[in-house]
Amino acid sequence: GGGGGPAGGAEDLAELDQLLRQRPSGAMPSEIKGLEFSEGLAQGKKQRLSKKLRRKLQMWLWSQTFCPVLYAWNDLGSRFWARYVKVGSCFSKRSCSVPEGMVCKPSKSVHLTVLRWRCQRRGGQRCGWIPIQYPIISECKCSC
């Protein structure tokens, strides 16, 4: 599919590079592990794919439908402590389904407590740190 303008080019390449370095990790989803890939083979024949080919097809399918969380540092600015937080995002530049149509979307998040410097002018200026709950994407899933 077509490219965005030159503005996001370097960011897109960095994101894609990070995605390509990531391989599906953990346990293979049971929906993929259970696939026999026997559809379309001649009926009535005891034809089965070799274990090696079946595994390759499963790994390919898993790599196409895998939705990793991509992490990047985000600067919240001088009014926050911690100023820099590592935030997650879901790679959504390509479809994660076969056939195409679904994309990776956030499915779980955790909350990080950061402090924000706030000043109130009522009755003289009073300043102090207030705790803020900052959401961080922790899991992405392939969905509509």
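Placed from the backbone N, Cα and C atoms, the Cβ positions cover glycine too.
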Disulfide-bonded cysteine for CYS90 as listed in Swiss-Prot, from CYS140, CYS142, CYS144: CYS140
CYS119 - recorded disulfide partner, Swiss-Prot, among CYS104, CYS127: CYS127
Recorded disulfide counterpart of CYS67 (Swiss-Prot; options CYS104, CYS144): CYS104
Residue among disulfide-bonded residues CYS67, CYS90, CYS119, CYS127, CYS140 with Cα closest to the Cα of CYS96 (disulfide bond): CYS67
Disulfide-bonded residues: CYS127, CYS142 - member with fewest neighbouring CB atoms within 10 Å: CYS127
CYS104 (disulfide bond) and CYS127 (disulfide bond), distance between Cα atoms, whole Å: 41
